[in-house]
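Engineer: Shown below is the structure under consideration.
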Amino acid sequence: MRTFEGSFCGKDLKLAIVVSRFNSFITDELLKGCLDGLSRHDVDSENIDVYYVPGAFEIPLVAKKLAKSKKYNAIIALGAVIRGSTPHFEYVSAEVSKGIANVSLEQEVPVIFGVLTCDTVDQAIERAGTKAGNKGFDAALSALEMANLMKNISES
């Protein structure tokens, strides 16, 4: 039996990060955590491109364009959708998650879901660097692992 898994080595990987500007008090912290995770695992800052979009709903389109370019080993999507008093939360959350998954499957490039979908601002703050760690950092590690796993599969 052969076993395959990705490593967390970021050397020579080219990564894109798509960040929503909406709820920037959260997404800025997710981006900081993500960049910290990448730098701690030897990703050269010259190999990281950051793209800003207005809101989470716009993330899948930009991720698709980047994935189609075949320039990146992985793409990290960062955003924060926080429930309000209207059904808007459900629409945006559902479409963003479906859109990101579809891009990854269609383009065969890992697109990591680092979009927080929280009921409250406090939950989002907790996941952006306080009690629950930083989900941006976690997304960075997922991107490294998946990028390396995809390389291993291609080489086997």
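Cβ atoms here come from the backbone N, Cα and C positions, even for glycine.
OK, Swiss-Prot features for this one:
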type: BINDING; residues: PHE22, ALA56, PHE57, GLU58, ALA80, VAL81, ILE82, PHE113; note: 5-amino-6-(D-ribitylamino)uracil binding site
type: BINDING; residues: SER85, THR86, ARG127; note: (2S)-2-hydroxy-3-oxobutyl phosphate binding site
type: ACT_SITE; residues: HIS88; note: active site, proton donor
Engineer: What's the CA-CA gap between PHE22 (5-amino-6-(D-ribitylamino)uracil binding site) and HIS88 (active site, proton donor) in angstrom, rounded?
Structural biologist: 14
Engineer: Given the recorded positions THR86, HIS88, ARG127, find the one whose Cα is closest in space to the Cα of ALA80 (5-amino-6-(D-ribitylamino)uracil binding site).
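Structural biologist: If we rank THR86, HIS88, ARG127 by Cα distance to ALA80 (5-amino-6-(D-ribitylamino)uracil binding site), first place goes to ARG127.
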Engineer: List nothing but the one residue from ALA56, ALA80, VAL81, ILE82 whose Cβ has the fewest other Cβ atoms within 10 Å; the candidates are the binding-site residues.
Structural biologist: ILE82
Engineer: Between VAL81 (5-amino-6-(D-ribitylamino)uracil binding site) and ARG127 ((2S)-2-hydroxy-3-oxobutyl phosphate binding site), how many Å separate their Cα atoms?
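Structural biologist: About 12 Å separates the two Cα atoms.
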Engineer: Express the distance between the Cα positions of THR86 ((2S)-2-hydroxy-3-oxobutyl phosphate binding site) and PHE57 (5-amino-6-(D-ribitylamino)uracil binding site) as a whole number of Å.
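Structural biologist: So the alpha carbons of THR86 ((2S)-2-hydroxy-3-oxobutyl phosphate binding site) and PHE57 (5-amino-6-(D-ribitylamino)uracil binding site) sit roughly 16 Å from each other.
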Engineer: Would you mind reading off the Cα separation of SER85 ((2S)-2-hydroxy-3-oxobutyl phosphate binding site) from ALA56 (5-amino-6-(D-ribitylamino)uracil binding site), to the nearest angstrom?
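Structural biologist: Their Cα atoms are separated by 18 Å.
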Engineer: Give me the Cα-Cα distance between PHE57 (5-amino-6-(D-ribitylamino)uracil binding site) and HIS88 (active site, proton donor), rounded to a whole Å.
Structural biologist: 11
Engineer: Counting across all protein chains present, how many other Cβ atoms fall within 10 Å of the Cβ of THR86 ((2S)-2-hydroxy-3-oxobutyl phosphate binding site)?
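Structural biologist: 8, counting other Cβ atoms within 10 Å of THR86 ((2S)-2-hydroxy-3-oxobutyl phosphate binding site).
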Engineer: Identify which of the recorded positions HIS88, ARG127 has its Cβ surrounded by the largest number of other Cβ atoms within 10 Å, counting every protein chain shown.
Structural biologist: ARG127
Engineer: Using DSSP and collapsing to three states, where does PHE22 (5-amino-6-(D-ribitylamino)uracil binding site) fall: helix, strand or coil?
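Structural biologist: Coil, per DSSP.
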Engineer: Helix, strand or coil at SER85 ((2S)-2-hydroxy-3-oxobutyl phosphate binding site), per DSSP?
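Structural biologist: For SER85 ((2S)-2-hydroxy-3-oxobutyl phosphate binding site) - judged by DSSP and reduced to three states - the answer is coil.
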Engineer: Other than its own, how many Cβ atoms are within 10 Å of the Cβ belonging to GLU58 (5-amino-6-(D-ribitylamino)uracil binding site)?
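Structural biologist: I count 19 other Cβ atoms within 10 Å of it.
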